[in-house]
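Report on the following structure.
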Amino acid sequence: MWHPALGPGWKPLLALALALTSLRGVRGIEEEPNSGGSFQIVTFKWHHVQDPYIIALWILVASLAKIVFHLSHKVTSVVPESALLIVLGLVLGGIVWAADHIASFTLTPTLFFFYLLPPIVLDAGYFMPNRLFFGNLGTILLYAVIGTIWNAATTGLSLYGVFLSGLMGELKIGLLDFLLFGSLIAAVDPVAVLAVFEEVHVNEVLFIIVFGESLLNDAVTVVLYNVFESFVTLGGDAVTGVDCVKGIVSFFVVSLGGTLVGVIFAFLLSLVTRFTKHVRIIEPGFVFVISYLSYLTSEMLSLSAILAITFCGICCQKYVKANISEQSATTVRYTMKMLASGAETIIFMFLGISAVDPVIWTWNTAFVLLTLVFISVYRAIGVVLQTWILNRYRMVQLETIDQVVMSYGGLRGAVAYALVVLLDEKKVKEKNLFVSTTLIVVFFTVIFQGLTIKPLVQWLKVKRSEQREPKLNEKLHGRAFDHILSAIEDISGQIGHNYLRDKWSNFDRKFLSKVLMRRSAQKSRDRILNVFHELNLKDAISYVAEGERRGSLAFIRSPSTDNMVNVDFSTPRPSTVEASVSYFLRENVSAVCLDMQSLEQRRRSIRDTEDMVTHHTLQQYLYKPRQEYKHLYSRHELTPNEDEKQDKEIFHRTMRKRLESFKSAKLGINQNKKAAKLYKRERAQKRRNSSIPNGKLPMENLAHNFTIKEKDLELSEPEEATNYEEISGGIEFLASVTKDVASDSGAGIDNPVFSPDEDLDPSILSRVPPWLSPGETVVPSQRARVQIPNSPSNFRRLTPFRLSNKSVDSFLQADGPEEQLQPASPESTHM
């Protein structure tokens, strides 16, 4: 089973274990700072750092263990990580005990309940799928309340009946002791369920029922444990009917009180994060501190702390995620996952370490084996009976296969162990027997059932969860079905899940969101804007994917066989050449002109023309770079994300251009009066420069002829103001490409960025690019005067990005026939 790659990985773990065993003897060799009567430069103060040092070492050991386990996928795919950690704990505990013969490190109830359990439960509540959880809340509550009471009562009474028969021998246990043991061993552990079921990947409904039961049965477990412990303290003869009634009332107080505390702190957390706009750096701290305070407050009031922190995470997640920044949300997500994973690792490892203590072990074969049998049998019976009742009212039935997995998934863990360790040995005489049996039950359920549940799920062909993001179409149809079902329930007068969900959504939108969410977050949550944003993302992805499918600028620049294979030549395009013009003219000798000087001039002419067209396209349509502002280090704020603001500006600018094109296509009007004036001015400039001696332009007029400021091309809506400064000193070369705009007769929306090649004014080819000196200009050859250079057969010009003049709404028309290019006149192509 063990992979050879794991061999070297165990060496650091064993070395750390030996170091931990030797740390206890370090205190004896410490020297006092002034033992020699003189000043000492360096002193050894182990006692000063003993506790935090040992804690850090154990965390390091647990983290290294996870790395070692995942070096081989074959091991972790068969054996659950929780089982591996328990085995590792047994090994390390054996090493520690062999060195000192004392159980130096054990899992104490204080460590578990106050430091290890809260991060795990908070993570489960904060990332809980709320709709799935509340949609199955009735089923979860039935299993959590009735099921836990059923398991506790039947297990305790059955063990007591066997004890009366004499099979267990002489034990100092009464009926209340058996019921107390049944109450702590009956609860399904959320830590164990999470550790095993996350690796199995069962379907969402089955997972949320088992996991929700493990979370919500805490209230029942705490109440039963406290009630029976009080009864044991009072004695069986002193218990009255009033005490039983108080126990029943205590259940409602503990469960509802813990839930109420969690909701109150969730409200407080959401309200605080609404006003943290200027202190983004401490937003994650509020999430963890206030959530932890809900746990401690419930524990202080003797309420259900697990329910408190669970509902705190469930109720605050929507508003907190909307209020805090993206960086803070990422910090909260990763920190919470890290704390939960680390706490879970330490819990299972310390369960193994705690078992290596001969003092706690008291063996009774009949008691241990019958406990394993009873918890398994009564768990299955309870699930079957409750499911039979639930299926009469559930729309989605729980099949027999689901019931088998639910019965087999009743795992026990560290909660049961921590509760049994809390027992007072003076009141419960057989405490060690209870502790030993609890450890056996935990190891059996986590290791044996954890090992076999995955093959069982595969053998039964249980429906697995789909790890994918639903498509936009699925979301829209799902939302439409929700409204339809809610309307049907409203018309029929039936109050169901859809009706309640719709009423809650309206209440949240009208009242809660306005109080707990900042205004900017309320606007960003608008569904229409979200759908519009997703449609535009899909639009952009489609354009990029189509561009990659048809080819790229790299093909034009580097016409090699390696790049040519990436271009799709399956769709024929009207063209006068079959290969790259650049490649043909640069690599092949003309059959007409054999003068090498003329050939070189022709090459330079075509190359310059390509560069001009490319530069023109990039300068006009691409986003202008912004000057980067260097922020100094600050402890109180993060460096702002420049890319996020730039992406938003690009998005807004592109959408304004597309909306303007949409107006012109629908109304049949020009896009912009300024664009028309600009075109007329370019026509006049073209007539003035129609006759150029030697193909050169006067250099003093270059700046005026080729520089058109960005404000001349503004659309009807002003662009969003920005704090950035444009980089100065760059090449300002932007020629007008606008003609008299007429409405396109074809269907679809004109996109300026993907406009047809006819929009390119041939006058730009008659001008000297600003990066060329007067001495570098050449007279184009005869062939270059007659024909404008073309790209490969499936491209129109050197602007391969503009594959279609339509948006993605009419993208299917991009492969249709296109008009033949009109060759430019020789007069318009003078350089």
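Each Cβ is built from the backbone N, Cα and C atoms, and glycine gets one as well.
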For Leu176 and Ser325, give whether Swiss-Prot records them on the same side of the membrane.
no
Phosphoserine per Swiss-Prot (candidates: Ser552, Ser763, Ser781)
Ser552
Which candidate in Ser492, Ser505, Ser560, Ser745 appears in Swiss-Prot with the annotation phosphoserine?
Ser560
If we skip the immediate neighbours and take only residues 6+ beyond the ends of the transmembrane segment (431-464), which ones have a Cβ under 8 Å from one of its Cβ atoms?
78-80, 82-83, 86-87, 171, 181, 184-185, 192, 195-196, 199-203, 206, 348, 351, 354-355, 359-364, 367-368, 371-372, 375, 401-402, 404-405, 408-414, 416-417, 420-421, 423-425
Confidence over the topological domain 'Cytoplasmic' (72-79), expressed as mean pLDDT on the 0 to 100 scale, is 80
Looking only at the recorded stretches 49-71, 203-234, 279-301, 304-320, which one has the largest tally of CB-CB distances under 8 Å to the transmembrane segment (80-99)?
49-71
Per the Cβ filter (under 8 Å) with a sequence gap of at least 6 from its ends, the topological domain 'Extracellular' (357-364) is approached by 93, 97, 103, 106, 168-169, 171, 430, 432-433, 435-437
Please report, as numbers and ranges, the same-chain residues at least 6 past the borders of the transmembrane segment (400-423) whose CB is under 8 Å from any CB of it.
107-109, 112-113, 116-117, 143, 180-181, 184-185, 187-193, 196-197, 202, 206, 209-210, 218, 221, 225, 229, 347-348, 351, 354, 375-376, 379-380, 383-384, 387, 431, 434-435, 438-439, 441-442, 445-446, 449-450, 453, 456-457, 460-462
Can you tell me how the residues of the topological domain 'Cytoplasmic' (321-327) break down into helix, strand and coil by DSSP?
5 helix, 0 strand, 2 coil
Proximity verdict for the transmembrane segment (179-200) and the transmembrane segment (130-165), three or more C-beta pairs under 8 Å
yes
Same-chain Cβ contacts of the topological domain 'Extracellular' (424-430) under 8 Å, 6 or more residues past its ends?
171-173, 177, 180, 229, 232-233, 362
Please figure out which one of 49-71, 130-165, 203-234, 279-301, 328-356 racks up the most CB pairs under 8 Å against the transmembrane segment (365-386).
130-165
